[in-house]
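Asks: Have a look at this one before I ask anything.
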Amino acid sequence: MVDSQYYLPNDIGISALDCREAFRLLSPKEQMYAHYLSRASWYGGLIVLIQTSPESANIYVLLQKMFRAQAPQQLEAAATAAGLSAEEYQVKEPVTNTKVNISSVFIVFKALVWESLAFKQSPGDMEALWGCCCESLYSLEDKQKQLSLGEKGISAYFSGNCCLEDAEFAQKFLDSKNLSAYNTRLFKTEIDGKRCYEVRLASAEKGEYTDEVCCGKHEFEDAVFSVKRGDYAFLMEKVCQNLEKAKDCAANDNQKRMLEEYIRSFTCGSVEAHKEGSRYWIKDKGPIVESYIGFIESYRDPFGSRGEFEGFVAVVNKAMSARFAQLVSSAEDLLPELPWPPAFEKDRFLKPDFTSLDVLTFAGSGIPAGINIPNYDDIRQTEGFKNVSLGNVLAVAYATQKDKLTFLEENDKDLYIKWKGPSFEVQVGLHELLGHGSGKLFVQDDKGKFNFDQTAVRNPETGELISSWYKGSETWDSKFSTIASSYEECRAECVGLYLCLNKQVLSIFGNEGEDAEEVVYVNWLNMVRAGLLGLEFYTPESKSWRQAHMQARFVILRVLLEAGEGLVGLKECTGADGRPDAVITLDRSKIYTVGKSAIQRFLCKLQVHKSTADVEGGRALYEGYSAVTADGTHNFLRLRETVLLRKEARKMFVQANTYIKDDAVELVEYEGSAAGLIQSFVERFPDDAENVEAQLLEMTCMDSSCWC
């Protein structure tokens, strides 16, 4: 029997992302543009399987083959005929049962595979697929339970023999060659007692020769690095083919040049080309069809430098976008409100596009509520960025039923349900625009030039002159590595909490008087509750966090608990069902005093460490608040068990597909159910599904020995 942390309940929420009306309003040319961008995104999204773990692609192909041969209802009928009960088919556990017998689930799933039509048609292939993934699929060995390095976990960004020291050493090499880690993976071998590293660049082209990147062998300290192109070559080629077709439907020159640079990046493996494409993307103001594609977020790289492939295509929601445009117009008035000296803010606020979008396609490991991109520090600091809020995601992701609300007092539940949507809208807007969009990094470039006056700027925490900064090719991600993503999410969340107290901000979002106060209260209440829920994503055995945003919210909970004076209450108790429970409370009368002051002090510290590249100080601060222990006023390890006992399943989204029929684009939507979700995946690659799956298996097989 095993902790419920390691299985998903059957009643997980599944919702369809509604985009029919938004898509209908597009012109035929815009629909074609959106279609080809979506195709590029879906092909590229398969790269995530190769980036995650050795068995991921095998599991995907196994399920695709099963459900392509039989719809879920047909497979259930076959399972029933073979003697499996409905409960076994659903792998359903009673609501009161918090444990699952892994062995029994393994046996049931194997029986289901063997009874499937796909197995009967190709028993050898299906048995081989099962053999490649069955063990790791249900393994609860420490190394296979989570994404990490060395003995703490597994990640297909690195060969299995890489540890944190290897990642750090490789980063030094990459910095010395001015190479970004965003589109790379790292594989380690030893030849004649000498460490050898292979740095693989994602590209459609293979081979060493290129003017774009420094391929070939390089002696570095006591090791040899070999930089090679061609990682995920088949999928990168598919991405480029569809971007080429999208280019013919582009609305303007900025979109065309953006796509040309993306194609160049994905063809030859150049991050610099992707940065150039991102510059054109920033210049493409107010497009009807918005998109972004590439190796973007580094949340799931255990070292925090490599980007997961992601592509999205969405249509602008004009009404909601008008509010965000107002927030952008007010940004220069709001930035001085942030609790750090003017020298720590960007020299000039580059007003970005900030739009509300209805998602047509989001290919990656998950769909966020909002995005601030590009993630390239040098572009964000001096050239700008864009913000997007994903409206149709927000509409379904945060709908909550009262009977499923945990850890709140009864009188808070109705308020929470009523005001969570409006409050989250405000938080997302502030988090993306003025959270990720604020703050200056102090830099000395390769020519020795500083972007700040090192003879005058002082650290507000110490009163001393600034003594550390980013040098040359160093970036936020490369310096702060393992904590960079979560630290930055925490900073942005704190900006949202701090500025949501501003009446001007609340008014922009249509919140006045008592309504505005309810929005503030629920926004802060939601944050402290999210901090408690975040404990689900902490692993005590390795003392590590598995999700950047949830770690960030736990840190904020710790900061507000530490503020004292009754601002936040956290009490363990016994629930009505006789099981352990907890209740979190917030004193609304102290938000503007005790709460604001605590966030103000903490936010200033976060920004100072970030601006000055003070890794040691930043890590000590952030890891201190991230610690989950049984010591002190609250036993967070015990509370973690309670959170797991009552955990909420995260919602899953069903996305539409697009097809070309008679020279027009057809949108096909699916019901918000498990069957609809499965059908959408089965129909995603109608013309070459088997070829795509064969290529995925070939890529996986090629590297299988790297994780033995």
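Backbone N, Cα and C atoms are what each Cβ position is placed from, and that goes for glycine too.
Remember, TrEMBL labels are computer predictions, not curated facts.
Feature table excerpt (TrEMBL):
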- H431, H436, E489: Zn(2+) binding site (BINDING)
- E432: active site (ACT_SITE)
Asks: With the Zn(2+) site defined by H431, H436, E489, which remaining residues of that chain have Cβ atoms positioned within 8 Å of the Cβ centroid?
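Replies: Leaving out the recorded residues gives N372, E432, G435, E488, R491, A492, E493, V495, G496.
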Asks: Non-local Cβ contacts of E432 (active site) (under 8 Å, 6 or more apart, same chain)?
Replies: F354, G370, I371, N372, N387, V388, S389, A492
Asks: Once near-sequence residues are set aside, which residues in the chain of H436 (Zn(2+) binding site), 6 or more away, have Cβ atoms under 8 Å from its Cβ?
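Replies: N372, F385, N387, E488, A492 - these are the non-local Cβ neighbours of H436 (Zn(2+) binding site), listed in sequence order.
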Asks: Measure from the Cβ of H431 (Zn(2+) binding site) and count the other Cβ atoms within 10 Å, all protein chains considered.
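Replies: Around the Cβ of H431 (Zn(2+) binding site), 28 other Cβ atoms lie within 10 Å.
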Asks: Test of understanding: give the count of other CB atoms lying within 10 angstroms of the CB of E489 (Zn(2+) binding site).
Replies: 22
